[in-house]
Amino acid sequence: MTLLFGIPLSVLLGQLLLGLINGAFYALLSLGLAIIFGLLRIINFAHGAQYMLGAFAAWLGLSYLGVNYWVALLLAPLLVGAIGMAIERHLLRRIAGEDHLYGLLLTFGLALIVEGSFVKLFGVSGASYPMPELLKGGYNLGFMFLPTYRAWVVVAALVVCIATWYMIERTRLGSYLRAGTENPKLMQAFGINVPLLITLTYGYGAALAAFAGVLAAPIYPVSPTMGANLLIVVFAVVVIGGMGSIMGAIVTGLAMGLIEGLTKVFYPEAANTVVFLVMVIVLLVRPAGLFGKEA
Amino acid sequence: MKAFQKTASAILASTLIASAAQAAQISDDEIRIGYLADMSGTYRDLAGPGGLEALKMAAEDFGGTVDGKKIVIFNADDLNKPDVGANTVRQWVDERNVDMVTGLVASSVVLAATKVVEQADKLALISGAASSGITNEFCSPNHIHWTYDTYALANGTAKAVLGAGGKSWYMLTADYAFGHAMEADITKVVEGGGGSVVGKVRHPFPSSDFSSYVLQAQGSGAEVIALANAGADTVNALKTASQFGVTQSGQKLAGMVVFLNDIHAMGLDVTQGLMLTTGWYWDMNDETRAWAKRYHERVGSMPTMAQAGVYSATMHYLNAVKATGSDDTTTVRAKMAATPINDMFAKGGQIREDGRMVHDMYLVQVKTPAESKGEWDLYKIVSTIPGEQAFRPLAESQCKLVKDQVAKH
Amino acid sequence: MSSLENIQAAAAVHPKVEQQRQRAALLRKRGFYLALLGVALVAPLAVYPVFLMKLLCFALFACAFNLLLGFAGLLSFGHAAFLASGGYVTGYLLSQYSGLSTELGILAGTTASGLLGLGFGLLAIRRQGIYFAMITLALAQLVFFMFVQAPFTGGENGLQGVPRGHLFGLFDLSSNLAMYYFVLAVFVFGFAVIQRTIHSPYGQVLKAIRDNEPRAISLGYNVDAHKLLAFVISATLTGLAGATKTVVFQLASLTDAHWHMSGEVILMTLLGGVGTVLGPLVGAGVVVTLQSYLSNGPLGDWVHVILGVIFVLCVLLFRAGIVGWLQKLISRNFK
């Protein structure tokens, strides 16, 4: 058996693949954060709660209305996106133009309210979302057993990430969005409805979080606190990638998944911490993150 | 005849204690009980609001008073923070002269709270916490550990799994004091029983993704994968193991600290066949079922062992208060130890000098979906582990109270 | 004409009147602080002293944080690291060396936090805005990891049963009342240091940097050095708060090192009023009181929701914080 750093190559391959799967989640979540930050200049602390809402919407839909996984994958993001748009219109808009800090605090407060209420309603043990029939089982890759669902997660997440990137970087709507990021006043003068654009953007960011939530539902316990712990890691990913950078968020998300995967083999105790170590190093070398532009 | 003698001496002892304590009586003319638990975080479903309800049931079953002295209940959320827990208990004893504190879930909170209870010379009846250190290196004459501990759980489950033929083990350990202690306990059982530990991985606490660790465990080729973690970590590890086909490939999983609410949350699809040790289960006999039914009507879920333990501990405490006519800690503690615990929770339970309440534990297996007849029909009892075998023997104890005893003899 | 020029012009016209007005304002301020101190001295007669001590420790923490955010414009998201390291070092030393007098233990903890603050500051100080917040968060997470792994912290269990010991080796601090007056003295000392810093020429430069950094640079100030000093002072006083808190509660735990704690101090400062002198005190008071009394009451399991609602209302309605809002009210109606 080929050994690499004292670890069989096959084991290492398996771990890298798992890292990539986690990275896909990070990419999806940090993408939403990056888009929101790009246009609204708000650090969306409610992102974890929106992720949790997506998972809960899927679970509640299945338990009480018989909505299946595939429909939930479409409906939950729409629902959470709509809630996000309402939040933007009625709350975030009031503090537009104030210090970034206030956006962070407002969304943090919202996250506390939503998560606290869900704990009260559903407890913290969480619920179990059944694996969709079509995605049960797995493939034996020789070096590891790959559950079908995990393979699906990578594919789905990457497709959504790339589609989002394409939409922002290559379409007319995206060009408005990018221009709005650079100079909202000028855009307004050109007759573009910037407030609407902002509302849609926040809604889309929230929808991405909810989509990740539905993807996570069958493999992680659906619990009110599922997003809170993930959030801080996703922040780190966005910062490493460069705040507001779309490509940065996607690439860094995947890369952090891989780095974390390797840490879990060589120094598992530090698996939750390694992302912050990377963040310190990156910010020391490149103050605006890997893909960010120096302000 | 022997039974008669026993009863007679017990009565004699209790009258003696009672007459001695007559002067002490009930402080403030009220029996004040504080319920401290995690009401909003990770351990909410293990004890939380349900445990408070169990405590209220105990008080109501006593008619709300003990010989005309009112039972008053205070409750607080410790937020799983040791400083919050310690501060709350300190305030209870300083300002309200609380006589007894119960609930007590997260081990770190319990260690902090029991220090305060010991200083104030009050009594703590711990039901929710797991760490066996509570009656070992951290023992005190002022607290009793009621329901279970890590030693009993690890010991019971590891022995059973070893006995069923799992000789090579892989450890999945939560990287903190509690996980390390359990890892050591399991290793001892495994190696003492002719098995071997072939590998281990220590994961950060808490972790959400276990796929990497499960894959490492799978790659080790060990027959048994032991989960030396608790709560959400165990739940995540079990779910992940089921997705990666761990059991299909012939490996066995052994969860050490798994509770009824965890199994309920994960569902039988994921957990079926899992062996675990529990201090109590609602569906054991008519007595447990009757109590659980009452509980279910009030709370809407079936009680965990921690919640049942709160009820049992409180009843035993109130009985001791009634028998001695006092709420003085030393008097009540002595009476509680002198009286065996016979209720819906335990039969013939005994409180040792290190504060461990020794009672039978049960090895159970999680039912398959086909076997289960209802939402809460989750366990089948495999065997009963007698109390003397379940808990850490006093001979191995590091408790200062036990050492004193040995030195005296 | 800017308001500053206005004032200068007014002063030029009526120098004596202005002088009198300033003196009266100073006297009023002194009187107010003395009255506050008077209340603090008799407070333990009416309120549970341990609760008051907790309040004072968190108030000092928030004041130290406010020095950085309110007067230097730096948002640190890693202050939990200083609170915890002060607590751990003090707790460890007092438990290990039983003869050690309490103030030396606290001094050691405070120094440790100051040094850690210097380290953080050197790495972070050149970063701006959100990147500054994030790099302090990342560093604090690394410190958290260290506390989880290091054997002397007791991991999840924390350090338990830290002795309160004797002040100067003489005065027994085990009674709550004695402890309270010691904590009050510590707080007054910390608060005075912050006041002195804000009103010193150095504090004026800090505010100038906060308001217009390029201008301060062009005036020839070494901006980084000024910011670094502010960061170290803030970290040191945070360590003092953490060390004192450990002695009061006789325990040090990971709660203090968790990033939630860094968030909590932001909440306290914001709620009270960023950049106001008394704001952090009021904010800490409100948050600590809420946490203590909510968790005991029937609303026990709604703590997070209620805190969240306060957060949202505060951001939407009281952006200047309670004290900032009161100040506005007073200046509108009485001047």
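Just so it is clear, glycine is given a Cβ too, placed from its N, Cα and C backbone atoms.
TrEMBL entries are annotated by machine, without manual review.
The shown structure was predicted, so the numbers you read here are calculated from the model rather than taken from an experiment.
Record features (TrEMBL):
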TRANSMEM  A:12-39  transmembrane segment
TRANSMEM  A:51-67  transmembrane segment
TRANSMEM  A:73-92  transmembrane segment
TRANSMEM  A:104-129  transmembrane segment
TRANSMEM  A:149-168  transmembrane segment
TRANSMEM  A:189-220  transmembrane segment
TRANSMEM  A:232-258  transmembrane segment
TRANSMEM  A:270-289  transmembrane segment
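The transmembrane segment (A:12-39) is in contact with the transmembrane segment (A:149-168), judged by 3+ CB-CB distances under 8 Å for residue pairs 6 or more apart in sequence.
Counting Cβ pairs under 8 Å to the transmembrane segment (A:104-129), the stretch among A:51-67, A:73-92, A:189-220, A:232-258, A:270-289 with the most such contacts is A:51-67. Distant neighbours of the transmembrane segment (A:189-220): 25, 28-29, 31-33, 35-36, 38-40, 44, 46-48, 50-59, 69, 72-73, 76-85, 87-89, 92-93, 96, 129-132, 135, 149-150, 153, 156-157, 160, 164, 176-177, 179-180, 226-227; these residues of the same chain sit at least 6 beyond its ends, with a Cβ under 8 Å from one of its Cβ atoms. When each of A:51-67, A:73-92, A:232-258 is checked for Cβ pairs under 8 Å to the transmembrane segment (A:149-168), A:232-258 comes out on top.
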